[in-house]
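J.: Sharing a structure, written as structure tokens. Questions coming.
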Amino acid sequence: MGNKQTTFTDEQLEAFQDCTFFTRKEILRLHGRYRELAPHLVPLDYTNNPDIKVPLALIVTMPELKENPFRDRIVETFSEDGHGNLSFNDFVDMFSALCETSPRELKTIYAFKIYDFNRDSFICKDDMKRTLNKLTKGELTPEEVTLVCDKSIEEADLDGDSKLSFSDFENMVSKAPDFLSNFHVRI
Amino acid sequence: MTSYSNGGLFNPAYHDSETLESDRRSSSKSHPHTNPYARGERADTHYATGQNSGDDAVGRVPWGGWQEESWRGRESIPMGLISTRPGSPPWQHDLNHSTFQIPPDSQYDRSPSVRLPPATSGNMTMRWRGMTMRRMSMFPNGDPNHVAFTEDAIRNEMENEEQNLVKELVAMSTRDRIRAIRDLPVSFDEKKHIRSQVLAFKSSKKSRQFTCFADCSENMSLSFRRCGYSIRSARQTLQLWQGIMKEIGGTFGTSVLSYFVFLKWLLMFNIFSFLVNFGFITIPLLVYDPSPNIPPNVSFRGLEILTGAGYFNNTVMYYGGYSNETLVGLVEYNMQLAYFFTIAVYMVLCGIALIFSMASSFRTNYVLADTSSNSAWQLLCSWDFNITNERAVRQHKNNLRVQLKESLSEKAQRELLTLSKKLKHFGVYLGSWLLSTGLAVGCGGSIYYLCQYEQQRATDAANWSLLQEAETLLVPFVVSLMNLVIPLFYSLFNKFEPYSSQRRQIYALVVRNVLLKMSILAVLCYYWMNVVAIKFSCWESMVGQALYRLVIVDFLFLMLGSFFGEFLSNVIGRRLLPRLGVPEFDVARNVLEIIYAQTLAWIGIYFSPLLPAIQILKFFILFYLKKVSLTQNCQPPRRSGRAAQMQTIFIALLFFPFFVGALSMVAYTAWSLTPSEHCGPFRGLTNTFSVVGVWMEYLEKIPGSQWAVWIYQNVIRSEIFYFLISLIIIVTIYIFWQVTQGRKHLIGLLRKQIVNEGKDKSFLLDKLQNLQKSKPDQKSKQKNHKKHSSGGQSNSNAMFQALLARQQLEEEEERRGVGGVPDISTSSALAQAVQARQRAEGQERDEYYRTGFSENPVNTSSALTQAMQARRRVEEDGADDAQDLPSSVSSVMMQVMQARQRAEEVDRSHRVPAHPQNLAPAGSSALIQAMLARQQAQNEYDDGY
């Protein structure tokens, strides 16, 4: 850091490095990106842990998320208050889970949360429909949507309760090697 | 007040608030019979405190708070890692390992704050309710006390869990601990909390047994860790093409990106091999003798850059340029040994690196061959979060839609295949396979004859004329042309073949291309080793030249290929024939091209040690070329196959036919071919490997190095050793094979078990629900139809409550009919009825404010009817039983009072928002009711006396 203004103390950076998959430099870069979103709101000096949250509407303007159909869900999933307001810690958390080095288990857990729109700890038919509509711009007919959703739930459902529990999802992901590379946002 | 509907809905906010709890307890004391419906008791408390006007607000707060709780406790929502909702964890699937737990205190610190319910869809609340209902139904009898007890138990349990987690983490080594903390699926703040706890625990432990050593080791590990972090960030700084990679991934997706990752990986290989070769072979020679020994009549003419012949022939570029002497400078440097061991070690390291990356790729992308869950995969796993380009996103969505539609229609199509069609398909497959194999063999044969023709014309002279030099380009030109054109034919065949899945199609294409390239390379190697090795005096350099030419011409053709293949078809697709469309980037073809290029470099490593330098340059330019060509000419691939699997296959291909082929070629050369007699480091030896024997003879004279000789004699040269090694490897492979088989069997069994348990679960749930339903159903069946008559849907909850209250009343009645006549119970029943009515009103009022006074009269009147019915019930009951007269009369009076009060309230509530048109019917009906009630009371009073 040298003669520049201190953004984080060494202890803070160490905590970040221990708890996320980022290096010191990346943390500082992430802080820069975070600050870019709301320059008047986010201070340069983070040594005293200011309690500042950037709202969802600003977060999703990031080029990394802007075109993602699940951007709102991603941000909501990682926001501590559930409304999509991200503190810097949440922000780091989000990109840490989505980065390349994060393990499959962690990615699976967060992916499940993202797809579980109604937060009932199951991916049910309704969640599937919403996912599908997000993925296809809602251009399938309702019958097709129902057919596809039924088919996919039937395929992935192991215990026959016609919705996907986390273990169903995990099982499916374990057979989808692309998941790891696809569920990855470069920052 | 909807939160108390449906009997036994569990509300944590309710239980969190102490005052309510104490209220409830006191009321239940005065209330001997246990009420299965918590809301009855709660109604009591409200009645007792007479909070009529505030009732609505109080009732709504916990509901909002409860929702709030569930929204905030996001980490609890899926898979029950921990639950912020007390009372639920035991039934949530405990899928996670015990290490994945969360400190509960942070959630419990949150007070059940009073907030307005967030704007959630009604859908969600319904689902929540459904879930909670189901969970509640598993309680023995939904007793709130019981719930409160379990809540405590759960809290304790979670605190224990946290303690255990911290203990576990403390026991781990620093590296494991950091990894474990990183992998916790909780928010950063909680991770930090756990980390600080672990650190505090550690330091407290240390202070107890403080020693200098522990302190030192702690400091050491800390500095090591810091060093590791700085190395990591330094490596990140050095990472090549970070930004370009991101851009490509963002625009074209992971599958195209994998090509560039692969290219970069190969580039790293070549940089490594260049450094090794240059450092251990070339630099010592150049230090010893910097001037190349070029014959005086050879000069640099420019064509050498293409052909590699002439001027280059005598430089360190090729095998021939190296001497066999022992260089004597500061230290003695045996050139022969250096050359041999550098190449050998490089090949071995390459092999190890390939095997490891192949294995890790297999491990991460390991697939239990299961193609059944295709559409679920498409929905939930196929979206590429990398993509940031708007156009690419649109296209991705379109592709997905088309694929889904296709998969829907495919199902219907597949069943229509007749025998004749099957035969036809089989014929097409056979034909195209025969044709493509024939083409590959034909290419190999024609190249052999071409080589022979060239060999007849070539002479062993030192200086060729320009024409002679240019003629040498014929073979590489033809080879590269074949590599460019034949794959196009293969793609053409592929279009006619009816493949059921895209993956098969790609595999067929890849296999044919590999066959072609292998046959060409095999023929060339055969020619080099059997013809060139005999004819030329310095044959290694000739082979090196041939390889140099192949590498260079291949590079030119790659450039041409991306110009014609991508640029021209882009122009044609855009301007001339829009039907063809913009070309796609063919990942498979491009990857095979660079695999082929790399194989050439590997074969050439023995004959031309500096070939990796050329290769580095080639790949470097190729990267930028492909990047520009991609962004300018191509569109993202329409069918993004399973890119990760493809990448594994590519690495496997790179290893198996290509690297192993190159290695065996080099090994054969070193083992059994006689090196040329007049040039190169191995001149005068019978074969290259005998350099080791010579070295050993030399070592024997030196005392103290007997062990090396012993190893050479008894290990390297002994058949027994290799026999034993192969035996051990075979046995190990067999054991692992058996273990794999056992695991496969186990996986099958476990999967079956999951299915069975799922069935058990749903069966038990159904049974429980049926059991629970059957009890209230008996009683409320005859009244349920009334519920439907009530107008407003939103009021049905309140209605239901009223019904339940009435039902309760009946129960009371029955009891009284059977047993004694406790007056209190009547009055309590009455109170309940009144309470129910009150609640209905509350709901109603709420409805007023929310829906903006639409359909109010209907709702009001229906609620009123219900309340009136309830009251009438009570009155009848009172009238039937003469002994109870005084109390019942007084209760009736009380009701009257209530009714009047309510009427006034209704009036008031109407006046506040000032909607006169609604005022008249609703207000008047309430008034009428009040009057009726009074009349009734009067009548009863009269009757009594």
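Using N, Cα and C of the backbone, Cβ positions are placed for all residues, glycine too.
I grabbed these lines from TrEMBL:
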REGION    B:1-63  region 'Disordered'
COMPBIAS  B:15-26  compositional bias 'Basic and acidic residues'
REGION    B:103-124  region 'Disordered'
TRANSMEM  B:265-287  transmembrane segment
TRANSMEM  B:337-356  transmembrane segment
TRANSMEM  B:426-450  transmembrane segment
TRANSMEM  B:473-493  transmembrane segment
TRANSMEM  B:514-534  transmembrane segment
DOMAIN    B:538-644  domain 'TMC'
TRANSMEM  B:546-568  transmembrane segment
TRANSMEM  B:603-625  transmembrane segment
TRANSMEM  B:646-671  transmembrane segment
TRANSMEM  B:720-737  transmembrane segment
REGION    B:773-795  region 'Disordered'
REGION    B:811-845  region 'Disordered'
REGION    B:896-923  region 'Disordered'
COMPBIAS  B:901-910  compositional bias 'Basic and acidic residues'
J.: Sort out for me which stretch, of B:265-287, B:426-450, B:473-493, B:646-671, B:720-737, has the most Cβ pairs below 8 angstroms to the transmembrane segment (B:603-625).
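T.: Against the transmembrane segment (B:603-625), the leading stretch is B:265-287.
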J.: Is the transmembrane segment (B:426-450) in contact with the transmembrane segment (B:337-356), using at least 3 Cβ pairs under 8 Å (sequence separation of 6 or more) as the test?
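T.: Answer no, regions not in contact.
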J.: Ranking B:265-287, B:514-534, B:546-568, B:646-671, B:720-737 by the number of C-beta pairs under 8 Å to the transmembrane segment (B:473-493), which range is first?
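T.: Most Cβ pairs under 8 Å with the transmembrane segment (B:473-493) come from B:546-568.
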J.: Given a Cβ distance threshold of under 8 angstroms, which distant residues of the chain, six or more beyond its ends, lie next to the transmembrane segment (B:546-568)?
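T.: Hits for the transmembrane segment (B:546-568): 305-308, 312, 317, 472-473, 475-477, 479-481, 483-484, 524, 528, 532, 583, 585, 593, 596-597, 600-601, 603-604, 607-608, 611, 614-615, 618, 621-622, 625-626, 629-630, 632-634.
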J.: By a Cβ-Cβ criterion of under 8 Å, what residues six or more beyond either terminus of the transmembrane segment (B:646-671) are in contact with it?
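T.: Non-local partners: 255, 258, 261-262, 340, 343-344, 347, 350-351, 354-355, 357-358, 361-362, 365, 506-507, 510, 514, 518, 521-522, 525, 529, 587-588, 591-592, 595-596, 598-599, 602-603, 605-606, 687-689.
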J.: Please average pLDDT over the domain 'TMC' (B:538-644) for the predicted structure.
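T.: The predicted confidence over the domain 'TMC' (B:538-644), as a mean pLDDT, is 86.
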